[in-house]
Amino acid sequence: MRVADDEDPRAGDGSYDATARIVDAGGTDDDTTVEAALRPRRLDEFPGQPKVRDQLGLVLEAARRRGAAPDHVLLSGPPGLGKTTLAMIVAAELEQPIRVTSGPAIQHAGDLASVLSSLSEGEVLFLDEIHRMSRPAEEMLYLAMEDFRVDVVVGKGPGATAIPLELPPFTVVGATTRAGLLPAPLRDRFGFTGHLDFYEVADLERILARSARLLGVTADDDALAEIALRSRGTPRIANRLLRRVRDWAQVHGTGQVDVNAAQAALALFDVDEAGLDRLDRAVLDALCRRFGGGPVGLSTLAVAVGEETDTVETVAEPYLVRQGYIVRSPRGRIATPAAWQHLGLTPPAGEQVGLPFVDGPDTGRLG
Ligand SMILES: Nc1ncnc2c1ncn2[C@@H]1O[C@H](COP(=O)(O)OP(=O)(O)OP(=O)(O)O)[C@@H](O)[C@H]1O
Ligand SMILES: [Mg+2]
């Protein structure tokens with residue numbers, strides 16, 4: 001088995017700390033540890049997202065040559081595409097320590113002030129879920145990002161005074177699944193914004209091959225291709241499916257990740273040929289069967305599938321929209337003919353005139 005020691009992130013130099021990870025929407029603690037172990041550590045080990053990688057690479061290299069902190073970096077995109085991974089990589093490439101915190105952890109401006117005032121020169125401050133920071137903290141951040149200064153308020157009431165505190169230059173890396181929710185003044189203070197998009201299947205195959213190596217399992221290319229196809233363009237999902245296929249192979253198979261193991265395990269875990277999982281299908285099912293194909297409001301839809309609005313909007317919808325199963329309209333979400341077909345149903349004729357026609361059997365043609 002080829003396990004390259006030099007590629008094992010667990011043998012790291014401590015430049016990032018897996019336990020410092022604050023939020024993980026999808027996983028248990030165990031999952032978080034495994035995820036951290038599978039993160040690429042440097043930009044040139046990071047497959048996919050060629051645009052963001054090249055742009056970020058340039059920004060970091062230029063800063064390194066100037067010997068100065070780079071512009072602040074904002075990373076946006078759906079969950080599991082590598083925002084946290086890239087934040088860690090920014091610090092590693094700059095050879096700087098990284099401080100990890102998140103919007104929800106900073107409820108008071110004072111929380112932010114104490115983090116900011118303890119930063120060392122050049123340090124990377126990773127603000128995950130930056131769209132969830134409180135307004136006063138946000139305003140403090142504007143000043144800190146632009147002028148490297150915070151105003152510390154001493155005392156209360158009419159006698160209160162603001163004492164300006166100079167900060168050493170540092171780099172904020174903000175991550176958000178909801179760039180649209182960031183107030184413009186905050187967005188504008190990031191000199192570089194990278195928008196992560198879903199991965200190509202070929203990139204997912206490369207990610208899976210690397211992960212298999214790190215996990216110490218032998219995997220056929222065909223099996224990795226099968227897993228990649230069903231991973232909804234998302235490395236986190238790809239890695240998770242790989243681990244379940246490995247489990248299946250170890251318990252029921254030959255121990256080797258082959259196509260048979262991949263198909264059996266993915267069937268067991270309810271990931272269908274289109275890569276839709278239980279939540280995706282639940283959303284389509286509610287939309288078509290309960291609401292006649294829509295339009296239906298997002299929150300109503302979320303209640304119908306028993307999930308948070310945010311989960312439906314950021315986890316399920318982007319992929320369903322991208323694959324042409326759902327259309328977002330001002331009046332709510334609408335199922336396309338492809339959604340009905342995926343569920344084995346016939347789309348109702350007449351009501352959905354004007355929908356874009358989606359490739360598929362002719363039952364979908366409306367008019
Ligand atoms: N380009 C990539 N190459 C290899 N692995 C990747 C890549 N992008 C992400 N991963 C893996 O996917 C998992 C999730 O990535 P990460 O935590 O960076 O996503 P995220 O965008 O921060 O998600 P969230 O919005 O939920 O915080 C990690 O295990 C990471 O190793
Ligand atoms: Mg993250």
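Every residue, even glycine, has its Cβ placed from backbone N, Cα and C.
Predicted automatically and left uncurated, TrEMBL annotations should be read as such.
Here is what TrEMBL records for this protein:
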| type | residues | note |
| --- | --- | --- |
| BINDING | LEU38, ARG39, GLY80, LYS83, THR84, THR85, GLU146, ASP147, PHE148, ARG189, TYR199, ARG236 | ATP binding site |
| BINDING | THR84 | Mg(2+) binding site |
| BINDING | ARG328, ARG333 | DNA binding site |
| DOMAIN | 69-203 | domain 'AAA+ ATPase' |
| REGION | 1-32 | region 'Disordered' |
| REGION | 200-270 | region 'Small ATPAse domain (RuvB-S)' |
| REGION | 273-367 | region 'Head domain (RuvB-H)' |
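Sequence features annotated in TrEMBL and their locations in the structure.
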residue: LEU38; record: ATP binding site; DSSP class: helix
residue: GLY80; record: ATP binding site; DSSP class: coil
residue: GLU146; record: ATP binding site; DSSP class: helix
residue: TYR199; record: ATP binding site; DSSP class: coil
residue: ARG328; record: DNA binding site; DSSP class: strand
residue: ARG333; record: DNA binding site; DSSP class: strand
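Taking the binding-site residues PHE148, TYR199 in turn and counting surrounding C-beta atoms within 10 angstroms, the largest count is reached at TYR199. Checking the binding-site residues GLY80, THR84, GLU146 against ligand 1, the ones whose Cβ sits under 6 Å from it are GLY80, THR84. A Cα-Cα distance of 24 Å separates ARG333 (DNA binding site) from GLY80 (ATP binding site). Cα spacing between TYR199 (ATP binding site) and ARG328 (DNA binding site): 22 Å, rounded to the nearest whole number. Put simply, ARG328 (DNA binding site) is 22 Å from GLY80 (ATP binding site) when counted between their Cα atoms.
Fewest Cβ neighbours within 10 Å among the binding-site residues ARG328, ARG333: this applies to ARG328.
Of all the binding-site residues listed here (LEU38, THR84, GLU146, PHE148), THR84 has the Cα closest to the Cα of ARG328 (DNA binding site). Taking a Cβ cut-off of under 6 Å from any atom of ligand 2, the binding-site residues THR84, GLU146, ARG328, ARG333 reduce to THR84.
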